[in-house]
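As written in TrEMBL, here are the features:
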type     : residues  : note
COMPBIAS : A:456-466 : compositional bias 'Polar residues'
REGION   : A:447-467 : region 'Disordered'
TRANSMEM : A:68-86   : transmembrane segment
TRANSMEM : A:98-118  : transmembrane segment
TRANSMEM : A:148-167 : transmembrane segment
TRANSMEM : A:179-198 : transmembrane segment
TRANSMEM : A:210-231 : transmembrane segment
2 protein chains.
Amino acid sequence: MASGKEVAQGLQWRVMVPCGTSLKLEMESGSIDQEGLWLYHLVLAAKLKVSGFMKKAWKIGADDPRKVVHGIKVGLALALVSVFYYTRPLYDGVGGTAMWAIMTVVVVFEFTVGGSLYKGLNRAIATLSAGALAVGIHWLASKSKETAEHIILGSAVFFLSSAATFSRFIPTVKVQFDYGITIFILTFSLVALSGYRVDELFDLAKRRLTTIAIGVSICLLVCILICPVWAGEDLHLLITRNMEKLADSLVVCVDKYLKEGGIDGDKEASCQNLQGYKCVLNSKASEDSLANLARWEPAHGRFSFRYPWRQYQKVSAAMRDCAYCIETLNSCINSETQAPHSIKKHISDVCVKLSLECSKVLKELASSIKSMKKSARINYLVGEMNNAVEELLDAFRSLQQADSVPLFESLPVVTVASLLIEISVRTDRVVDAVEDLASLACFEPADSEKPELSKPPTSSVSSIVSQGEDAMKALQQV
Amino acid sequence: MASGKEVAQGLQWRVMVPCGTSLKLEMESGSIDQEGLWLYHLVLAAKLKVSGFMKKAWKIGADDPRKVVHGIKVGLALALVSVFYYTRPLYDGVGGTAMWAIMTVVVVFEFTVGGSLYKGLNRAIATLSAGALAVGIHWLASKSKETAEHIILGSAVFFLSSAATFSRFIPTVKVQFDYGITIFILTFSLVALSGYRVDELFDLAKRRLTTIAIGVSICLLVCILICPVWAGEDLHLLITRNMEKLADSLVVCVDKYLKEGGIDGDKEASCQNLQGYKCVLNSKASEDSLANLARWEPAHGRFSFRYPWRQYQKVSAAMRDCAYCIETLNSCINSETQAPHSIKKHISDVCVKLSLECSKVLKELASSIKSMKKSARINYLVGEMNNAVEELLDAFRSLQQADSVPLFESLPVVTVASLLIEISVRTDRVVDAVEDLASLACFEPADSEKPELSKPPTSSVSSIVSQGEDAMKALQQV
């Protein structure tokens, strides 16, 4: 939005400049020149608008060249279909069979393999089942009188399309068969209302199915063989990247607050790192859609068929819980301008240490998911994180014993510390979710001399987690 | 998900029961009975699955009967199209003109008027422009030799479809013209690859456009005239309902914590109210899509054309910021089991008061949006909220003066109080966003004896808001 506005402002300015210099000309040469200038400005404005749009498009392509490749792939698939049909010229026209192949390619070709498979399979199955059903009802109707026939067919279309449309509101149906239902209604209506005789219909159905099959095959071949984009891999990358961003933004956030006394000074500098948690907050919709599409994909790369994609959504939900806390922490920090250095100093080291330990845990989890290996160090790191929580609590106890520090002065620091402890508790939940993922997706055991480390010993994760929760409770109860 | 699991468990159990009782039978009558039983169980299982599905569907229909009506409307539109074309029988078959009318109705008819308008207009404009372009290129190509003609047409299809596909990745294009681009590629490819002569093409294009126009008209007439569902109105309702839920969950959350000492006792009881903020956290995707569709809708009810739907997204972003804080507050409360009653008692009244005042402000805003009238009471309520913040700070000062309360004991209460103050600051931002909405959407002035109340006097909202922020700063600085 900001860049759009900038472009518009730039536009205004550049158009205004010739406007200013043109005043003299105008007085000399009258209305014809004025008209020419008006046209000139219009062309200039259009040129600027177009160049702004092209710059935006160029940036999108440069950031992710796969998007450009996708465009070329669609063009290629269409060219292949047309070559296929040019061998027997299309002089039966737009209404002919080839139309369905072109239509299939245009409608089914999606950015990810999962998307194309979802649409292709939905289209094929829906066409087949709706066609069969429509031919059946046609056959039934053809046994009765002509008026009755029309009534039977009309009411069949009415009731089936109503029911099918309604079924799209059922979440499980919506997620897996939304496109299929559209095609079902379409095919059923077309066949039922066509007015063909039943034997003609069989011929038509056969031809239409063949064409759709050819369209879907060309589409899937191009999609899978040329630089395939797998929804599963994208989801995998998105989750690990978001986890790293979360870790970074936590550290930057605490660091800025405690070490430099407010971040108003160089807000822009490490703004990108600081705002990383926002990616986690905003990526739910794309994660859900990628997870749904990934389920349609065959085994690819390191991912088997029936890989537990759903678990990624759980990991990301746990990450989002962390991000909510960081968001609150961030605003606590932003609203603070002058920090009471005496108290800050007392606990700043332990706070920074805790944030670093949380961040190390998150980064270890990210690299464990990335490499698809169980981590040998995670138990150790979680232990360190819980030690840091203990240290923070100890720091508070000593603050209390010092007695010289009044309650009111320590309020902001207390809030930040409380939130940090809550974040460590939530990081523990991310650990749990990733461990579930590791066991569901059969991650390789860790490269470790002590193999028992890869399975949590009785006194490790769960007890450490409960220790962390106890610590949190202690902080809130005492 | 839970109900699905329940059904599956119920299924297992009921199937198991006849299995147990069948053991005797089996021994007497051998394998034929066994096969019969196997079939019986299969039918029973299928019956249970279907009945579970039907119950789910029934619940969806009962919760929002508009969804059932939508199904019937789609059936009706299809019936109308078929009646329209039965007057001159469809014996030119599936490939004939009527096909495009049926296809248009099936593909364009959406739940909301905005959705149908978006798709209908996109389809019409894309068909028109792609058709014109394709005929033009066809005409150019027809001037050259046959081989060159094929190459020109093929490369035009390749480059245009690649470029159009890529343009879908540009966010502004994606939001407004995604469907149109699909139809553009489809129409262009069909016409360019058809092999018709140019004069034939004009005739074809005219027929196809007429049919699509008839399809779109029937579709829009049914959609708008029979129980229309307006995306804008849905968005309006969603925002006000979410605001009320936010207000309720804040009050319930604080109430449970301070008055009853933890909410583990009757967690289920007012669970629904407590979890209201989650609706706010999870509704971003549907709000964005409703806001995009609402822009296509004409004036309806109390909403003018070009109503500022984008501002609703800003209001909802401000609400989500509040919800993040409530989420953190809620988890602070949940992880606490035994409350230190002495301290709680000291500040519980002011905390409850502050949460009530925040909630009153949110409810007033919700009713202001609902009635589309500026609120006369909002300045007063914001003032009260800020007074409550002051009272909370005073309570802390007196806690400090008492000196008998050590820091460590008051930690959880301090965190809750800090979060409450942060929530009041964020509520102020919701007030700002709603005031922007009120001025953009030209809400009616408040029903008030003193008309100057509807416009904030110099010393009111902005200064009160800054007072609130000052109070927050004071809390964190002192």
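Heads up, the Cβ atoms here are built off N, Cα and C, so glycines get one too.
With a threshold of 8 Å between CB atoms, the same-chain residues lying at least 6 positions outside the transmembrane segment (A:210-231) that come near it are 66, 69-70, 73, 76-77, 80-81, 84, 97-98, 100-105, 108-117, 120, 123-124, 127, 290, 293-294, 297, 300-301, 303. Residues 118-119, 122-123, 125-127, 129-131, 133-135, 137-139, 142, 153, 156-157, 160-161, 164-165, 167-168, 173, 204-205 of the same chain lie 6 or more positions beyond the ends of the transmembrane segment (A:179-198) yet place their CB under 8 Å from a CB of it.
If you look at the transmembrane segment (A:98-118), the same-chain residues 6 or more away from its ends with a CB under 8 A from one of its CBs are 67, 70, 73-74, 77-78, 81-82, 84-85, 90, 92, 176, 179, 208, 211-212, 214-216, 218-220, 222-224, 228-232, 234, 290, 292-297, 300.
Outside the transmembrane segment (A:68-86), and at least 6 residues removed from its termini, the chain residues within Cβ reach (under 8 Å) are 61, 98, 101-102, 105-106, 109, 111, 214-215, 218-219, 222-223, 226-227, 229.
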